[in-house]
Ligand code: CP3
């Protein structure tokens, strides 16, 4: 049994004294203890070494006491396992030297045995569970098929993901076949993570907001729904679609346990679009953590009042930025714990 089960109770929609809190990308570069490990090991070594991944996962919990931990890893371990080379270049981000642009490229993409190729993630989960000692739940995650396709086709980060969209609109059969391979791999991967011990999973659709509402249905949501259908009996699922407020109504009927919201959608609008019945997570503007701690605390209290303390998980509207002062991150977490 997990000692602090506030997060799991909020996912079930139970009544709580205060909402739970965690931060997307909480295991990251704003933490000096993370930077220490980062100096010594490159990115994928950190992901692939269970001792390091588990250590990095528990760092923010030890410092701030969030109500949930999220496994240190990356969404791009999936294309790696599918036989697509992924590098993480310092000061540049992900780089995929052989992007998928044709049926011929797609033919080399495999649906792997996830235990064989991603066994290190399952080992990291088991080691993290030991370190957490049942204090708080552990979240596992994956990128949405569309967001993974964006990197596989574009070959790197982008402001528009124009090459990814071009593939979808000029060679839709290739795009859909790639999306289905990613979906099948992701389902097997998340099932294995749940079996290894994660208590909930989050699907990050970081680039869903690049698509029009109609294209979102065809190229992103269809595949996320497959993932939900395959997993909903096994663990609670959170779907976070950045820029996807237009899909909140459909998402609320999907079987997901909670929906992420970014800061461009008001609490009132998010509640309205989702019919008021599903747990919502978000939506503090990550850049607002630059405000003075006293102001952060006021804004967090107001945010909880707007969403309501029940069926709500306090979080940022996207990942924490690398240069946020430590005391500002602390003010964000403390404001939730002090809420009454
Ligand atoms: O939330 C957590 O603390 C768990 C760890 C986590 C990482 N990546 C570690 C990471 C999670 C949940 C992710 C998800 C992820 N990765 C997403 C979806 C969430 C989002 O932010 O939209 C995406 C799009 C990626 C792909 C990715 N990984 C990018 C674009 C980058 C480079 C940009 C950057 O922030 O540096 C990464 C690298 C990465 N993944 C870092 C971390 C801590 C930073 C690089 C480093 O530590 O050397």
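Using N, Cα and C of the backbone, Cβ positions are placed for all residues, glycine too.
Unlike curated entries, TrEMBL annotations are predicted automatically.
When the candidates 102, 206, 212, 266 are compared with the substrate site entry in TrEMBL, which names 25, 26, 27, 28, 29, 44, 74, 151, 318, the shared residue is 206. In three-state terms derived from DSSP, residue 25 (substrate binding site) belongs to neither a helical nor a strand segment and is classed as coil.
All protein chains included, residue 27 (substrate binding site) registers 24 other Cβ atoms within 10 Å of its own Cβ.
Listed in sequence order, 319, 320 are the same-chain residues at least 6 apart in sequence whose CB falls under 8 Å from the CB of residue 25 (substrate binding site). The most crowded of the binding-site residues listed here (74, 206) is 206, judged by how many other CB atoms sit within 10 Å of its own CB. Of all Cβ atoms in the protein chains displayed, 14 besides its own lie within 10 Å of the Cβ of residue 29 (substrate binding site).
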